[in-house]
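Before any comments, here is the structure.
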Amino acid sequence: MFAPLLKKLFGSKNEREIKRMLKTVSAVNALEEKMVALSDEQLRGKTAEFKERLAKGETLDQLLPEAFAVAREAGKRVMGMRHFDVQLIGGMTLHEGMIAEMRTGEGKTLVGTLAVYLNALSGKGVHVVTVNDYLARRDANWMRPLYEFLGLTVGIVSAFQPPEEKRAAYAADITYGTNNEFGFDYLRDNMAFSQDEKFQRELNFSVIDEVDSILIDEARTPLIISGQAEDSSKLYIEINRLIPRLTQHIEEVEGQVTQEGHYTIDEKSRQVELNEAGHQFIEDMLTQSGLLAEGESLYSAHNLGLLTHVYAGLRAHKLFHRNVEYIVQDGQILLIDEHTGRTMPGRRLSEGLHQAIEAKENLNIQAESQTLASTTFQNYFRLYTKLSGMTGTADTEAFEFAQIYNLNVMVIPPNKPLARKDFNDLVYLTADEKYAAIITDIKESMALGRPVLVGTATIETSEHMSNLLKKEGIDHKVLNAKYHEKEAEIIAQAGAPGALTIATNMAGRGTDILLGGNWEAEVAALDNPTPEQIAQIKADWQKRHQQVLEAGGLHVIASERHESRRIDNQLRGRAGRQGDAGSSRFYLSLEDSLMRIFASDRVKNFMKALGMQSGEAIEHRMVTNAIEKAQRKVEGRNFDIRKQLLEYDDVANEQRKVIYHMRNSLLAAQNIGDTIAEFRQEVLDATISQHIPPQSLPEQWDVAGLEASLASDFAMKLPIQQWLDEDDHLYEETLRERLIKEITDAYNEKEDQAGEDALRTFEKQILLRVLDDLWKDHLSTMDHLRHGIHLRGYAQKNPKQEYKRESFTLFQELLESIKRDTIRVLSHVQVRREDPAEEEARLRREAEELASRMQFQHAAAPGMESDLQASEEGAEVAVAAAPVRNDQKLGRNEPCWCGSGKKFKHCHGQIE
C-alpha cells in the first residue's frame, strides 16, 4: 500500500537511475565546445591518449565523459549525426552492463557506438552481436568510418569465412557478427588441435542488438556441432507409412469421449502422447511389418530407439505443419522462426524429428547426426566479462533478464514524445468476420493515403490475406519466409503513401519504415546518380513524407495476438518512430490459436451474454485484460521451461567448462610429460588395487587378472606369478614398486627410441584425440540421460537431483576413462620416426576431413514440456541450485564446488 506513495516521493528505480546519469550527461555536454575546437588529428589522437591513461591506472568510468564527448564529436564530423542526451544515457546503460530499451527509430545503432568505443580502448575486444548476417554487415559498414576515424579497427565474422580472414576479424578492436557465428566459433575453438587454429580471444564485452530475440526467444535452442551417425532412413520411411493409420482420441471438457483413438494432442504444451490403445495398435503394426519381434514390447530396453522413431513420426505429422512451422524449398525442410517469420537455413531439429518431417514430405532423408560439441546461448553469453544489450521491447521480460543473466533493464526516455494511437482490440466470433473487418480498415486507411502494415503470425495467414486482397483488386507486397531475399527492399518502401505490406510477425526487424519511403534506397537503385537527380529524389520524398504525416502516419494492423506481449509490442513499434504520427489495431477472433487455447471460454461467455450477432465485434477493456492474462500465463510457462532448460544445462555446462579448461591448458602446454606420468601412476595404482586390494592376504589376490589387465592397458606381459613363486619376500608394496619400475622403464625406453620432443608432441595429440572422442560419447550419454530423466518423477524422485547425481557419476567415469585410454594408446603405440612436418600435415588433413563432415545446427529443445510436467508430478523435493563455481581458488582438501560432497582433490581437482 505504501509502494505508490514511495514511488511518488522518490520516483521509480528507472527514474532514479536516469536522474543519476543526467549528471554525467551534463559533464559530457560541458566538454562539447572543447571537442569542437580540436582538429581532426587532435580528435583522433585522443584515442591513443585514453589508452595511455588506462595503462597508467585510470578506469573506463573515469574516462567516460571525455570519451563520450570525443565519440559524439566524431559522429558529427564523420556521420553527420550528433548523439542526443537520451542517447548518451543509452550509451552509459550499455557500458554499465545493462539492457537499454529504446523505442523504434531512437537510434540504437548510434547509441551502441558510445559504449563500444569506450570499451574498445581496453584493447581486449568488443563483440557487437546482431540477429542476422545482413544486419551485422550493414551496421559494421555503416559505423566503420566513425571507428576508423578514431583509430580503431573493425572486423566482421560470418559463416564460410576463410580462417585467416576470420582470425583477423576477431583480432580487431570491434567485431560484428551474429549470435550463431560467435557461439559456433566458441565451440570450434574448443575442438582446435593447436593454439594457432583458434579464433576468439577472451570474451570481454558484448553489445547484443535485439537482445530479447537472442537471449529470450533463442534461449531454448542449443547450438550443436555434429557429425554424421549411422543411416536409418529406411526406418523413417517405414514408420511414416504407419502414422497416418493412427486416429486422434478426443474428449470434451466434461470428460465425455467424442472420438475413440490412439493418441491425444495437448496444444498448450505442444505434446502428442500415445494412449494404451495406441501403444497396442502401433506394436501390432510394427510386428506385422517386421520391425518388432513377435511378443516383444516397445518399452523393452533395446526397443527404445524404435519408440523414439514412432514419437518423432507422430510429432512430425500432428504438430508440424507445412507453411506454418516449416516450408519445403529446393527439396529441403526449412524451419520457420516463430518470432520473426524468417526461415532458418541449416537449422535442424534433433531426436530424429527433422528426418521424420523429411519422410512425411517424401524428401531425401539426410543422415542423423551425433553431437561433437554443444552449448546454449544462455551459457555462452554468460561467459562474457560484461554483457549488455539494446532492444525496443525488454521491459515485459525484465524479471527473466535479471534472474537468468543478472541484467537490469533501463527504459530510455524517447527524444520526442510518442504520438502513436493504440486502439483497443476488436474481437469477432469467426476468422472470416475478422478478415472482412481487416480489409475494410485497409481500404479506409489507403483511401486517406496512409501506408498500412499488416502483421500475421504465420505464412499461411499472410498468404490467405494476400489472396483476399487480390480478389478485392488491392495492390500489396508480401513479406514472409518465402520471400526473404526481398525483405530489405520491401520494408524500405513500406512507408510510401498508400503502400500496403503484409509481413509475417516481425520480419524486417532492424530496418526502420520511413514515412514517405526510403529515398536512399531510390538513390542506390540508380547507376551513378547526378547531384541533381539526388536533390530531386530528396525533394520528392519530402513531399511524400509530409503527405503521409498529414494523413495520420503508418497504420499497423495485426491479424491476431502473439503468445508474447513483447512480440505484439514490437509490431506496434513499427509505427510512430521518432515522434511521428501513427496508429495500431489488433483484430482477433475466437478461432485464433491464442484465444481458442487459452482465453476463449471467458470471452465467449461474455460475448454470448451481450447477445452478439454475426459480423459484430466486441471492443471492451475486459476482453483485452483477459487476453493479456492469457499471454502472461503463456509467458510464465515459457519462462519456466527456459529456466528448467538452464538448470539442466548448468550441470552439463560445469562439465563443459572443466573439459574446455583442460583442453586449453593442453594446447598451451609445451610439455605434458609430467601429466602423462601422473596419469600412468594413477592408472597403474587403480589397476593393481583392483586385483590386489590394499592390506589383503595373498590368497585374495587375482594375479591372473592383474597380468591380463597389464597386458591390455600397458602392453606389458609380465610374469607376476613366476616372480611371486621365486621370491617369498615379494609382498604387496614391493610388488607395486617393481611393477611401477618395469612399466616406467619400458616407457622411458620408448622415449629414447622416438626422441623426447617427438614423444611429447605425440602425447599431446593422443591426449587431445582421446579427450575429444570420449567427450563426444559423454555428450551422447548425457543426451540419453537427459531425455529419460523425467520418468524418475513417477518413482517419487526429483528428476533434477537424479540428473545431477547421475551426470556427476558419468563425469567421474569420463575423467578416469580419459586417463586410462590415453595410457593404453601410448603404451601400445609402435615407435616409428616421422618427420615433424609430415606429422603436422597429416594431423591437419585429418582435422580438415573431420570439419568437412561436421554440421552446425540448432537443435530444438525437445521434450522440455513433458519434462516440466513430469517433474511437477514427481516428489515434492526441495531442488538444490545447480552447481556454480566461483573464481576463488579452492584448497585441495575443501569440499568440491560441484556439490558432490567429495574433497576437491578427489573430484574436479584431479584434472586441474
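Using the three backbone atoms N, Cα and C, a Cβ is placed for every residue, glycine included.
In the three-state DSSP scheme, Thr109 (ATP binding site) is classed as helix. In this view, Thr109 (ATP binding site) is surrounded by 17 other Cβ atoms within 10 Å of its Cβ, with every protein chain counted. The ATP binding site feature in Swiss-Prot is assigned to Gln87, Gly105, Glu106, Gly107, Lys108, Thr109, Asp512; the stated evidence is sequence analysis.
Here Swiss-Prot flags Cys896, Cys898, Cys907, His908 as Zn(2+) binding site, drawing on sequence analysis.
For the recorded ATP site, residues Gln87, Gly105, Glu106, Gly107, Lys108, Thr109, Asp512 set the reference point as the centre of their Cβ atoms, and the other residues of that chain within 8 Å of it by Cβ are Met102, Thr104, Leu110, Val111.
Under DSSP, Gln87 (ATP binding site) is assigned to a helix (H, G or I) in the three-state scheme. Local packing around the binding-site residues Glu106, Asp512 was summarised as the count of other Cβ atoms within 10 Å of each Cβ; on this measure the leading residue is Glu106.
If you take the C-beta of Gly107 (ATP binding site) and look for same-chain residues 6 or more apart in sequence within under 8 angstroms, you find Met81, Phe84, Gln87. Residues within less than 8 Å, Cβ to Cβ, of Gly105 (ATP binding site) and separated from it by at least 6 positions along the same chain comprise Asp512, Arg577, Gln578, Asp580.
The ATP site in the record is lined by Gln87, Gly105, Glu106, Gly107, Lys108, Thr109, Asp512, and its two most distant CA atoms lie 17 Å apart. When Cβ atoms from all protein chains are considered, those within 10 Å of Lys108 (ATP binding site) total 25, not counting its own.
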